[in-house]
Structure formats: structure tokens, C-alpha cells
């Protein structure tokens, strides 16, 4: 008592000097009544200064009987530097009462104090204020609350509108341990606790720690903000609604930021949060190993109108279901749900009914559901940019939507395993109501997943399903990927990809399945590499009432199924379907069906309205490589035969590489026969084929139609006794063969048969609807034996059969080398009496020796020998007289080559290509090498003349020119005379210096230089007086005739002719060498074959079949075409002058060559090849005559003019027009007959022209005993024109 009096005196002294002290500093003793006394002191203090209360002892007992009521008139700070413990001694009577009196803002702070061991009562700390306008804050800083059995903090709110911006209650860095309820906030007016929040009160909890607490608090009104706090071992209390927070007043607000909840296991049937009609926000918070017996963490209802529940940037690991409730607005973003295993029947994440759920940028990973789905089925879902990864579900569906809309955007489903009950576990089940709900997938990826049922199910009524930019990849389902059984579904698939998916349920068809009514629109979509154990590799339509399909700009590729590699249409028999199909710009590539329809199968009428730019490429099926259609539907068949549909490299094993139908018709082979004549007992095989409606044979290699049986039965009942055997067969490879069909009759008669088909397909018809066959049973022939016998002993009539003669076993009848003929005893058919006779082409005792054709080569060689002697004689003749100008000017070497070519061609006729390969190859080489030599030389002669000769019509045109050309002609004449003098002078010098060279030696370099100088002058003069003319002959070649020059441009044209001839000679040389190598190579290649082939001729005899013959035909055809081309040039040259006469003879020879050369050989191959003797004689005569005529036409003039001493006069072997040396003044012409002809002048022009020919034609010359190549640029140095 003495100590108490001392304290009072101490306090009184302080109060006495308060006028000079700005604050009150109190130090609390550890007396049990000190707290109550302290409350009295503070309550009686009327100054407005801050009161500081220091608990400087470690431990304080709070009196069990003390009321400890603090009337707060000033700011008060309770603190302890030592962390003093206030021990309430488990008393429920005592408490700390804080009542704020003043209207001005007051603040009470508890700092670094431990509140311990409070008993059961209302609360440890109770806060109240007198008026609704009071402003205050109660702050706990670094305090600890432990072992409290009642509420720790109890705040009665009186404000009804915001009067301060700072919170009323603040907990900073506090710990709550082993306690019951951390706080309880309620309003003094009941309506603010039940009807609507006061919206003026805020409590914040910052950086606090909660461990082993029954519940954190109850918020009857206002706003709660929790920041950076940690919660663990929350266990709940039976007296509370939640284990962490409770709020049920409209427009209350709870915010949890940057906090952690872990290792929570609520044993009572309570959630962590019970929030109704409350705005609830969770931000950057982690829930780990949080579970409740209620099986959900948050219970919320009716939050839809109050900003709902918002969860951002948070993580949930190993938790119970997150939210349970009804009519909520839930927003989840940037959050992670991971490592969750649920055995609850509640949905794993959300069980909020009739709610709107928005999930964005979130991850759901490593989740195992043993009983339930992820979300409640009776809510609307919008899932955006979220990932579902590595999830296992044993429920009916991972996501189930019932009578609500759903939208999935920019999200991924990966490694999802739905392994619930067999055939009843899906990723998504969507049930639409009668009011047409919709589900949308946009930019979604489904991959590497498995379901024990349909992957996505669409049920209900009038469902709207949209797939946009969606990818479904590597999904293994025991059902379809998309199954629509909705009545009246509307499905859009656009810009999507379905690939490498599998439906392994043998009882469910399609990757995308639909029944009932459907409107399907597929755009810009690829369905690739999918495998279906049942029908429909991509689409399956089964039991459809109404169907409207539009497919455009899409690709169905590498899909595989039982029937319909891409699409399968099936309708029960006798049911009707209203359907329309549009196929536009779509490809079906490499799809495969094990049975029917590599791309499409249908058993009902498809109403294809539009089929535009459709392509079927490399699809395969057993039948119908691209499409398989039931036979009854002509409209479908016709529409799929449209010109807008392209079929490329489709294949089928049975029938119809592109299009096929069911077996449709049976045809007798040959089909035009219906009446037959046979003998009794004769084996009379009949063959029938089975075709579809496209006329394709149903080969049926795997016996899909093995139940089709054809039987021929007698339809007439005459008196004759008739027995039929072997009249029934099955179809094999599309053919039904009655190989053992026989008719036995008692006498010759006519039998009518009816063809019957037994099959499950009753639609199979008989060709031309003619089911009857007429067979006339004839009597036996004279070469046969007639054998009578009775079928039964008591038969009155005997039937007979006809037998062919039989011979001994040594007779090789089976080898088709012999036949057996009837012997002298015509009544008995035995091996001894009958005769074995060899057939044509075989001889010997056993008819095993080939009867070979014998050739007498001497006959046609005698015909050929005189021609060969003539050719050789001609060669000797032109060699002896090679210096004669008629030979030298036209080309001794070319003439020799022509004769050698004719010789080779003629020598080839001495070899028989039917005897052996040696003769055949020599004939092949000589013939085609000879033709090649002849042709190339003829072509060179004609082409040179075509380039350098002049059309007579152009000469006539010049002859009619007016007198205005006189000045030009006179100028040209002077220039020509100068050039002629240079030619003569240089020729004389050349002869003197090189007397050993022949006259045909080319102009040397000095001549070339002189030409160049004079021609340059010539060109300059004419440039002043020229007039342009585009004619090749008129503009370039007339300068050679001293008629006119047409300017510098035409000089270039003449040089172009020189170049053309020079290049032609080089090309001919290359062609000859290449062709020679080719001919020899062909012979060597075919000569390596070790097999000797023989063929039988028309009379049955055998001969050798040369492997070069087919190449021979091809060469003859090429040679004929080349000769026609030569004739085309010849027709132009025949009217030319200033050419060698031999060119005209060559032109005539070309006519002979085409008629009696390659063309005749082609005719012999076409007509006489099967008759070797006629073939050889025909070719020997025709080709020999051809060679003889060629020889005469080519060489007669040489013989004639040389023997008549005219071989050096070019007037006899060179075609030219006689030209005057001066112009006629009357006609202004050099060619009229008014003036006497100057022969010397004309001879000079001819010699000059011949020299120009020789100059152009030679590319190799003999100079000083050496062969010298004349380069083209040396020729072009002249800028040549004469």
C-alpha cells in the first residue's frame, strides 16, 4: 500500500508541472494493478499533449479484476524496449478498453509489446468512439499476440461516412500465435453490419505473422487490407464461419497483397475465407499446401454486383478447391495453379455456380483430379492466354460447361490425360440449352493429350461451336476429337490445324463426328496425318437428319481410317437426309482407307451443290482410291465427275483408282455374245466379270465381296435329257469363271439358261438386263469320237459326249508343239490308233526342234554386187580426175564422202539382220552411218547454195529497175573491175610461188588484204548513193554480179552468210562424230546381252530376233523426218541461179531418198517384218534401186563432161545468168538480148562466184604439206563482199 501511495504522489507531481512540460512520459511498474492505474491516469489527463508509456520491465501481470478503461483524449504510445509481456493470466474478465473522446484525430500506438494468455471473453482489446465523426488510429507495431482464447482486437465502428484518409486500425510487423481470433470489426448500427458496408472504415495488416490461429478475423463492415503477411497452421474454430476471414456485408472490401499462406489444414468444415457480397482481391500471394475439410478455400456468393473476386499474380500449390459459391464474378490473371491433387467430388479449382469466370495469362500445371473437373459446369467461362499442362483427370470431363457460354482464347492444353470411365472421359463437354449457347476456341493449341472418350463433346440443342486458328496435335482419344450430338449444331472451323491425332475406339467414327442436325463450315484448315480405327479419317456424319456443309480452301492430307480416308457419310437404310454440300478450292492428298473411299465414302445421296477446283492426289483405298459412293445415287456420282474436280495418281487395290461404287453389274465376257454353239460334253468355259457403276472390274483381292455367287440354271423344260455340271462360281479378282462348265444332252438341241446372282447386295444387275443365255448343243465333228452312256441304269435315254483324239504320253500336246489326230479306226478313241503330228514351226521325233528359216544370202548379194562395183568404180574415177574443175570446184572431198555413204548404205544390204547379232550389228552400222554421211553432205551442198545462191525472181526484179540506177551500176562496175584485176594478179603470183598447189587452193593472206582495201573503198562510195532494200538476195549477193550494192548494212548481211556457212561445216563435223559414237555405243550395249531371242514367223518357222530392230525403226523414222526437212530446203533452192548444177541433182536425189530410203524401210517393218524373206528381198530391191539412182544422179555429169573434155568449163556445171558487160540503153538492163553477149565477162563473174563458194566452204586447207584450219575471224577480216 505504501508503494502505491508513492506512485500516486509521483504522478501528481508530474501533473503539477505539466504547464512547463510538452508531453507526459510514464514508466509502468510491474505491480499487478499498474495497468488499471495507468488507464485511470491517462483517462484523467486533460492536456492535448502526447502520452508516452514505457513498460521497462520484462513481465507484467494484468489484474484479473481490472477494467483498464482508457479514455483517449491525446495521442498515446505504449512501448517497451525490452519487449515486455503483458500476461492476462487466462482471465476473461479483464481487458484493455480504448474509447476515443475527442473529435480531433488521435492515435494510439502499441510498440514492441507481447500480449499473452488472455482468457475467454469478448476480446483482449476493445476499441470504441463516442461520435461518428471521431478520427483515430490504433496501431500495433512489432507486437506479439499469443495464447489468446478470445478475440484479440475488437473494434466497434461508429463512422457512417469517410472522415479520415488513414486506416483506423494498423497492425505492423506483428505476430499472432496460438490464438483464437485476431480481430473482430463491427458497426454500432446493425444495418452497416448486415445490409451495406459503411465504406468509411479501414484496417490494415502489414508484414504480420499468423501461426496456429483459429481465425484471423471477422469484418462486419469496412475494408481490410493485408500486405506482406504470412499465414500458417490455421486450423479454424467451430464457432467461426471461416478459418481466416469472414465478411458478408455488401460492399465490404478485402485485399490480400504480397502474402504467403502455407501448411494450412483446417480440420473443421470451414473455408479459409467466407466472403459474400464482398469485393475480394488477392494479389501476388502464394498458397502452398492449403486444405480444408470443407474441400474449398474460399466461399463466396452474390459477389457479381460488387466487383467480385479478383486474383492476380498469385500462385497456388497443393490446395483444396479454390472457390466455392454461387453468382460470383471471378477474375483470375497471371496466376499459377500447380502440383494439385484432388480426391474431392468438388471441382479442383472453381466450384462457383451461375458465375462469370475470366481467367487470363494463367498456368494450370501438374494437377491430378481423381473425381472431379477443374471448374463448376454451371458457369460462363472466358479463358484467355492460359496454359493447361500435365493434368490428369478421372472425371467425365476436365472442363464441363452446362447451359452457359464458354470462350477459350490464346491458350494451350498440353499433356492432358482424361482416364475416367471407359468411353466416358473427355477434355471438354459442352451442353447447350434450347437458347443456343456457344463455345469458342480461338488461337488454341491442344497437343500431346489422351482421353478415354471423345476429346471434345458437344451436346444439347442449337449449340454454336467456333474453332478459329486452333491446333489439335498428337491427341490420342478413345473416341473422336470433336463429337457433336447436339440437335441443330452450328460449327465453324477456320484457319485451324488437326494433325497426328488418333481415334482408337473401333466403335466410334471420325476425327470430327456429327449426328442429328448440323451446319458445318470449314475454311482454310489443314487436317493432316490423323488415324481413325473406325470410319472417317477426318469427318464422320452418321444418322444425319439435316446437313449443310461448306468446305473451302482446306487440305485433307495423310489421314487414315477404315472407310472414307477423309470423310464418311452414313445413313441407315430407308431413312432420308436433307443435305447440301459445297466443296471449293480443297485438296485431298495421300489419304487412305483400309476398305472403301480413300478420301470420301458415302452410302446415301450427297447433294453436292458446288464442286469448284477440287483435287484428289495420291489417295488410296481397297476400292475407290478417291471416292466410294453407293451405286444407287446417280446424282452424287455425276456431280463428282465434274470438270472442276482433278484426280491425280489415286490408287485402289480392288477397283476404281479415282471413283468407285458397290458391285453394280455382272457382264458376260465377251459381252456381245448371248448365243453359243457347243458339242455335248464339251468343256465350255464361261467368264463373267463384276463391275461397278463406272464400268470398273471389281477385282476384290481381299474377298470383301466373296459372298457373291453366280449360278447358271436351265430355264426350259424340253423332252431332251440334259445334264449340266460346273454351273456355279464365285468371283475372284472380279472374274467368275465356269472353267468346268459342261452340258450333256441326249441329242442335239437348244438349251436356255438363266443367270442368277446370290449376294447381300440385292442391287447387282445383269448386263443389259439380259439374264438369259442360249446354247445350241451340236453333234460331234468328224474329228471327234461320239460316246454314249446312261446316267442311271433305268434311264430310257442315253446322253452322249464328244471326245477329242488322245495320243500317247510322249506326244507334246501340252507344250503346244504337237496335235493329236484321229486314227484309221474311227470308233475307238485310244492312244495306239491315234496319230501325233507336229505343228508348224516344230520338227523332230518329239516335236522339240525348232524349224528355222533358211536364208540364201547369195541371191540378194548377187543383186547388190554390181551396184557396189559401180560405186567403187565411180570413186576411182573421181579420184583420178580430181583436178578437173567440175570435181575440184564442187568439192572433191565432199563428192568422195557422198560416194562412200552410198557404198556403206549398199553394203548394209549384204547383211541379214535375221541370222545373228554380228550380221545385224554390221547392217545397222553400215546403213545408218551411210545415210548419215549422204545426208550431211547433201545438206551442206543445199545449205551453201541457199545462203550464196540467188533466186531467179530477184534477178528479174532487178532487170526491171528504172534508169535512175544507172549511176550506181556504173560505179559498181568500176569497183568490180578493180577487184577482178586484183584477183587475177594475186592468182598469178600465187601460182608462180606455189606451183605445187592445185587450182582449188584457197586465196592466201595477200589476196585477203587486197580485197579488204578495195572493198572498203567500194563500201565508202556506195554509202553516198545507196537506197535501202530489206531483201537478203538483192541487198547482199548482187554485188557479186556487178549489178548494185545496197550499202554497209547489206555488207554485214553477206558476212553473216559467210559466218553461217563456216559454223554449219563445224556443226556437221560435230554431228557426224557424235552420231558415229552413238551408233557404235548402241551396238556395244545391245551386244552385251547373253540372251538369244527367236520369234516365229507367219508360216510357223523360227528366225533370230535382233535387239537392234526396234532402234532401227526409231532411226528410220528420224531419218525420214530429216529427209523431209531437206526437201523443204530443196524446194527453195530449185529456183536459184549461181549455184552448182549438182545441187539440183541432189534435190532430185532427195526425192528418191525419201521414197526409197528410210520411208521404204519403215513400210517394210510395218508390213513385211513377220515375213523375213520378203522383208530382205523388198529392202534389197528398193534400197538398192535407191542407191543406184543416187549414184547416177550424183555422178553422171562428171563422167559425161570429163569424157567430153568439158570438165574445166564452169558453164557446164555452174548455173548462172548470162550478163552483158554494159547496160542496154533501151531497157536499162544487163540481161536483155539487144546487145551481143560478152562471154569473157560472164566467165569472170562465174569464176569469181565459184572462188567465193570455195572461200566460204573450206575451213581446212592443205598448205606446205600441212592441214591448216581457217578461222572465222580471218574470213571476217575482209568485211567480205565482191
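Keep in mind that glycine also has a Cβ here, set from the backbone N, Cα and C atoms.
Heads up, TrEMBL stuff is auto-annotated, nobody curated it.
It should be emphasised that the depicted structure is a prediction, and the values quoted were computed from it without experimental measurement.
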Transmembrane segment according to TrEMBL, located in which of 1050-1067, 1068-1085, 1086-1103, 1212-1229: 1068-1085
Contact ranking winner - 860-880, 924-942, 1146-1169, 1175-1196 against the transmembrane segment (1113-1134), Cβ under 8 Å: 1146-1169
Recorded stretches the transmembrane segment (1146-1169) and the transmembrane segment (892-912) touching, at least 3 CB pairs under 8 Å: no
Cβ contacts under 8 Å made by the domain 'EGF-like' (836-847) with residues that lie 6+ beyond its boundaries: 807-808, 810-813, 815-821, 1096, 1099-1102
Ranked first among 892-912, 924-942, 1068-1085 for CB pairs under 8 angstroms with the transmembrane segment (1175-1196): 892-912
Close approaches to the transmembrane segment (892-912) from elsewhere in its chain (Cβ under 8 angstroms; 6 or more beyond its ends): 855, 857, 860-861, 864, 867-868, 871-872, 874-875, 878-879, 882, 919-920, 922-927, 929-938, 940-941, 1000, 1176, 1179-1180, 1183-1184, 1187, 1190-1191, 1194-1195, 1198
Predicted model, mean pLDDT over the domain 'EGF-like' (836-847): 82
Same-chain residues near the transmembrane segment (860-880), Cβ under 8 Å, at least 6 residues beyond its ends: 887, 892, 895-896, 899-900, 902-903, 906-907, 909-910, 1176-1177, 1180-1181, 1184, 1187-1188, 1191, 1195, 1198-1199
